């Protein structure tokens, strides 16, 4: 079982307008025989260097119309070319270059890196099995400054946390969903729609928001919203790495602090994870 | 000479609409006497814990109308309160929370972290000297996929770099400028204007761009543009950490690669720095 | 499903001699009911803050005789105290403080951090299932400057890697093994013995070393050696993140480079993983 | 003004015994004319790629007998070869590979990375000025679990820190010293001696230690000790990035915590810096 990581840039032009994709590709392979481990027999081993060449050649020949299509291309190539490959997984992640605009006019060849959530995807396949496509977003940091609490939790002699009905909800999201075996979706369009669903269900309506009784419930709301609005999604996993903020006690300093100044609590920090699918 | 770093969140409301600033403050102090180093006499030492309390109390009392104003407030407090302080510098850096929008409607209390260049500022003062204000942007990553070259450089027996007139220009910018002794500017508005100037002079006109003959010249263009367009800026320093990309040679693989697939060169990497001021 | 990370220091004294353990503990819990996700009903949820208190109280009461014993204590506490817990995993990792020595004399209370491989362990248990103990070492960086090659690998039209019989073998190891259900071992002593086995089988005899035909075979040698020498180990997983070094071609510079100057290849980088157990 | 970073490995053999140095070199150059910034005239610019070649060629030809000698070689080369160079600084930092030992026997070609303080050096020169050599250690993490306090500090209405006479002293040290213009020292030997001095004066005698009344005083003790014991050192700068630990208050949990369980305070954290030289 081995994996390799390759970073590169793929440019293309339409007239004078330039387009750029910078990606990090990680290819995982498992061979049908472990003989290189047991006997030191390398005759079936596909070197890292060859894998890199294949990925770059595919990028040159096919371009990267979507991360998902590129991951599918990689899987297909390894499965059809190498009969010694028992399993392949291609992970593709994007550097979030966005076209620069000046007074609303898009620039033909200049870009800025805007990492407000990183798009990634995965395609995986076992020999004789279906090719499954996943997509996701990671490093997405969101905050609600109100409309969040945590009450009615389990208590015993080790409980010191007070109940709170107006805390900060803040954290970093990792969301990954499966499209099942379908490879003919408009992956770019669906991804944008799912990102919007995540933001909407995190925040609630713009004029009033929606109360979150726990990190867990917010995770579930996002999942339910995506599953109900995007029929192409089969299963969705959400991991939320919480950042806690404590209201600073200023009594000793002669001041009342009405949730105006808060400090992040670096440890303990927590995370909650849930995977939700459709009834079959 | 000592410094301290404090992270916190400052919230405020206007009606039901919530506003958030999350900042990291670093306060540097030098005392008039080094007796705590030489004699272990702590009687003049202001503990880290006290500095933290002061910063939080100032945030509570004054809010953070701009990073620059908050840095000025910190300097003023230390200079006027502690006669043993010989020098104070306050560095303030922002976590780039942006208000979420749904279909163009701003959300009243939800935010997303968008780190496309981090705003920071500094205020510094020696006892009996003026208070000087600096501001800047860092971690700003920009790329031009064409209109960049590097030719006519110095050559000798150690030169292996070919001349190129159509390379990628990509890097991370650090820009820091001085407002001199003035403290009454609209710092938020000026900062946005300078950021626009930087992007404009990096990219050139949206329809055609502008040719860059070197990283150094691009640094200089940015500086000249900011100094000519923003009269409040006295001096501007720009550091550009270059990322080089090489066109992959695909001859061995039987393919022609017309600047379509490139790989980042992780080492050597370079940086160029220049500080430019006005003639007095 | 949730997890929490807590960092702390545990001190104890024997006479005037001081002992220190600094650890990072990560507790994973899964509850019997997902009601907090589905209904926002928090009545079974054990807050992060409570988990932190429990971990600290256990450290205070029991000390940390070994990382493994502490992980077992945490699992036991959660399983016996909370009937709503369906699954618990405790991960414990050590900050590698080592006692300072002056001219061979150990210091009674001073320590230096020596991160030459980080010790960690895990204990996990499902309700009504056995408690399983794992241990491991991570971030262990090793290099052999000779006695390593890679030849006879699979070749096709995408192969550009030359065969090499005298390359550098360098990488970062992650090794994790299972002790099964036994909880009464001398975990500290066994861990040291396994670390020695890993180094020995990586390096070979001190006077001549042992030839490695591939990263994969070296991984397997380590596993075989540990399983044969340490009967307490049931299964061992080894992940090796390779660092490749290329001999610099100095022909253009008029020099012959006989594997004297090499540069690290940052991308592609690879890793190989294998899990090996005993026949039952 | 520009700088470049290059990483590489230098191997050499004595008989069958192999030796390795892995270094990161950063070369800073300032040219006599800023014409490449102002006019886009590159005719004096020495490309990053050429600088890399020169550093690798010097490593090939001269080897790296000590980091300091290698930095001196780099400075000399640039000053004597390029009349357009007005200033050069060479920074060299080592990856801390240590030879593996099996039962006390050194291995002929295997190494382990032991980052318990990173050795570095700098050589710098202005045209027509002397070449000055610096050396140092960084990322050196030390802890004393007792014999440290902080009392008698300045107090006012913002003070909440209690006085303490038995706290933890822990931090990361950066030490950098100057050897002045001398280039003929046994740099490897002196560096080891200075490292020992730093550890000794941090820890005090092994049987009882030495009380530290503040981080600042400990910094000063280290400087005084090095200057008194190592006559080759002209000036020494020490930066100490403190890590604070708080004794956990367990009263609410019904327990007395006699400095047995402590948690790190991640923010605010502080640092103190001092530079000390000899009277001329």
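For all residues, glycine too, the Cβ spot is worked out from N, Cα and C.
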**Q.** urate site partner of D:48, D:49, D:150, D:167, D:242 (as recorded in TrEMBL), chosen from D:69, D:125, D:216, D:223
**A.** D:216
Q | Per-residue Cβ crowding (10 Å cut-off), top of binding-site residues D:48, D:242 | A | D:48
Q) What's the longest C-alpha separation between any two of D:48, D:49, D:150, D:167, D:216, D:242, the listed urate-binding residues, in angstrom? A) 52
Q: Measure the Cβ-based neighbour count of residue D:167 (urate binding site), defined as the other Cβ atoms within 10 Å of its Cβ.
A: 20
**Q.** Structural state of residue D:49 (urate binding site), classified by DSSP into three states
**A.** helix
Q) Including all protein chains displayed, how many Cβ atoms other than that of residue D:150 (urate binding site) lie within 10 Å of its Cβ? A) 23
Q: Fewest other Cβ atoms within 10 Å: which of the binding-site residues D:49, D:216 wins that one? Let me know.
A: D:49
Q) Three states by DSSP: which one describes residue D:150 (urate binding site)? A) strand
